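As given in Swiss-Prot:
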| type | residues | note |
| --- | --- | --- |
| TOPO_DOM | 1-53 | topological domain 'Cytoplasmic' |
| REGION | 1-36 | region 'Disordered' |
| MOD_RES | Ser21 | phosphoserine |
| COMPBIAS | 23-32 | compositional bias 'Gly residues' |
| TRANSMEM | 54-74 | transmembrane segment |
| TRANSMEM | 82-101 | transmembrane segment |
| TRANSMEM | 126-146 | transmembrane segment |
| TOPO_DOM | 147-220 | topological domain 'Extracellular' |
| CARBOHYD | Asn182 | N-linked glycosylation site |
| CARBOHYD | Asn185 | N-linked glycosylation site |
| CARBOHYD | Asn193 | N-linked glycosylation site |
| TRANSMEM | 221-239 | transmembrane segment |
| TRANSMEM | 248-265 | transmembrane segment |
| TRANSMEM | 301-318 | transmembrane segment |
| TRANSMEM | 330-351 | transmembrane segment |
| TRANSMEM | 384-403 | transmembrane segment |
| TRANSMEM | 433-451 | transmembrane segment |
| TRANSMEM | 468-488 | transmembrane segment |
| TRANSMEM | 509-528 | transmembrane segment |
| TRANSMEM | 548-566 | transmembrane segment |
| TOPO_DOM | 567-627 | topological domain 'Cytoplasmic' |
Amino acid sequence: MTAEQALPLGNGKAAEEARGSEALGGGGGGAAGTREARDKAVHERGHWNNKVEFVLSVAGEIIGLGNVWRFPYLCYKNGGGAFLIPYVVFFICCGIPVFFLETALGQFTSEGGITCWRRVCPLFEGIGYATQVIEAHLNVYYIIILAWAIFYLSNCFTTELPWATCGHEWNTEKCVEFQKLNFSNYSHVSLQNATSPVMEFWERRVLAISDGIEHIGNLRWELALCLLAAWTICYFCIWKGTKSTGKVVYVTATFPYIMLLILLIRGVTLPGASEGIKFYLYPDLSRLSDPQVWVDAGTQIFFSYAICLGCLTALGSYNNYNNNCYRDCIMLCCLNSGTSFVAGFAIFSVLGFMAYEQGVPIAEVAESGPGLAFIAYPKAVTMMPLSPLWATLFFMMLIFLGLDSQFVCVESLVTAVVDMYPKVFRRGYRRELLILALSIVSYFLGLVMLTEGGMYIFQLFDSYAASGMCLLFVAIFECVCIGWVYGSNRFYDNIEDMIGYRPLSLIKWCWKVVTPGICAGIFIFFLVKYKPLKYNNVYTYPAWGYGIGWLMALSSMLCIPLWIFIKLWKTEGTLPEKLQKLTVPSADLKMRGKLGASPRMVTVNDCEAKVKGDGTISAITEKETHF
C-alpha cells in the first residue's frame, strides 16, 4: 500500500528482515536461492489470516475460568444487581481504556510485550519485563487447574460419579451423604464434624492434601500425567505460531459457549433455580457504601480482561496495520462482561437447586474459585438425573475455558522473547524449540504444586505472584507512560493513522487521569487492608511462606523502578539530558498509514519531521518528548 512504499522500514521490521535475508542468502546458484527462500520464511514474523482469528484468540484469552467461578460469586457477595454499578464504572474507566491501550500499542509497533515499550519509551521498558514476569508465574500455576479438571473428567465416564457416595478407599468414617441422611438413623453421627463425599474426593483423592506447606509430601503421579497432557495439548496449539493458534481457537473459543448454553438451559429448568437467580441478582444498594465492593469490582475487571500481562499487546501485534482495533476492543470487552453475566445464571440456578434439595440457605452452598469448580458444582450434579453426563459437560467447559487462556499466555511470552532476539529465534525450528523448552521448564516447576502440600503453594502463586496488586501497579505505569510521557495526543495520532479516525476523548482522559488515579487508590487500599493469606481461612502459613509470596509479587513490580534506575545510571549526561534521551521513541517507529505517507511536512509521533527525497522520514527530533 502507499504507506509502505513511502515508509519502507515498516517500524523497522521489513528492513531488518530484508537485511537478514540478504546477509544469509549470499552466494550463487540454486543452493543460494534455496537458502534465501528459507531465510525469508524464517524471518517472517507472521500475522493473522483474518480478523476472526484475532477476535477468537483474544476472546479465548480473556474469557476464562474467572468468568464462571469468580464474577457470579462476587456479584452475589457484593449486593447482587447493585454490584453491577461499580462494575460498569470500572468497565468504562479502567477496563476498556487499558484493554484498548495495550491492543493498539501492539498493532502500531508490531512488537511483543517487551520491545513495544522499548520502542515507545526506553525509560519504561521495565513495564514489559514486569508483564512477562507475571505471565511466567501465571503460565506455571494456571495450568494446574487444567490438570485437576482433566483428572475429574477422567472420572466422569462411569455410571456413578466417585464423589457422589461414601465407601471408597479414600473416604473416612466421618463421610456422610447428606442428601440421603436420615437424622433418626444417624443420631450418633456428629454432623458438626461430618464431611461430604465430594469434599473428601477433592481433599483426599485428588489433592491428598497434607497439613501444611512445611510437609510437601509425595508427588501425585496421576495429576502429573494430567499436567503432562495439558502441556502437550498447549504446545501443539501454538508450536507454529499464528498458523496453528489461529486455527485452534475456532474450537477452543467457541466450544465453551455451547457447553455454557446447555448448562444454562439445564440449570434454569431445575427446581429451586429461581431462588438461586434471585440471590444472584437481587440488589442491595446499601452494599455500595462498602469500599471493598468497589475494590472487588475493579480487581475483577483487571483479572477478567487479561490486562497488564502483555497478552493483548502480543495478539494485537499480529494484526494488519489498518485493522480497526478500537471497534474490536469495544466488542470484545462487551462480550467478556456479557459472558460473565450470563454465566452467573448458569451457576446460581444450579446452586439454587442444590440449596433447595438440601433445605439450606443458598449462602451455605455458594462458593467461588476452585471451591465452586471442584466442590460445589460437582456436588450439585450428583443430585441430577444423568449426573455423569452433566459432570462431563461441565469439566469439558472448564478445560476449554482454561486451555486457550493458557496457550495464548505462553504464546505471548514466546512472542516477547522472539521479538527481543529475532535473529536468534527466527531460524529453522528454533522458535518451536523455545516453546518446547518453556513448556518443559514450566511443567517441572508446576510439579511442586501437584505434591501433597502443593495446594498451599498454588494459593501463594494465586494470591501473590499474579495478584490484583501486581496488575494495578503495572497499569499505573502503563497509563503514565502513554498518557504523559509518550503523549496521549501523539498516541491518538498513531491510532488515527491506523483506523482512520480518533476514538472518544474520554479514553484519552482515562489514560491521563482517571485510570491511574483509580488504580493508585485501589493499590493503596490493598496495602492498607492487607491480611496474611490463610488456606480455607484456617491454616496460617509460616513466616517464610509469606516471604516467598512477597518475593514473587515484588519480582514483577520491582522490574519497573529497577529498569528506570539502571537506564538513568548507564545513560550519560545530566538528569534532564538523560530524561530527554530516554523518553524519545525509537527512530524507526513511524506511522505507516495515510498520515505517515503524506508527501509534505507530516506529524510523526507529535514531532515535525521532513520527508526525504527517497520517501523515508528523517529521524525523530529532540522535540519528541514531554520532558
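The backbone N, Cα and C atoms fix where each Cβ goes, glycine too.
Remember, it's a predicted structure, so these values are computed and weren't measured experimentally.
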Q | For the topological domain 'Cytoplasmic' (567-627), the mean pLDDT of the predicted model | A | 65
Q: Test the contact criterion for the transmembrane segment (221-239) and the transmembrane segment (433-451): 3 or more CB pairs under 8 Å, pairs 6 or more apart in sequence, then answer yes or no.
A: yes
Q: With pairs restricted to those 6 or more apart in sequence, evaluate whether the transmembrane segment (468-488) and the transmembrane segment (126-146) have 3+ C-beta pairs under 8 Å.
A: yes
Q. Going through 54-74, 82-101, 433-451, 509-528, 548-566 one by one, which has the most CB pairs that fall under 8 Å from the transmembrane segment (126-146)?
A. 548-566
**Q.** Beyond the flanks of the transmembrane segment (301-318) by 6 or more, those residues with Cβ under 8 Å of it
**A.** 45-48, 54, 57-58, 61-62, 64, 66-67, 70-71, 87, 90-91, 94-95, 98-99, 102-107, 109-114, 116, 128, 131-132, 134-135, 138, 242, 325, 333, 336-337, 340, 405, 408-409, 411-413, 415-416, 419, 468, 470-472, 474-475, 478
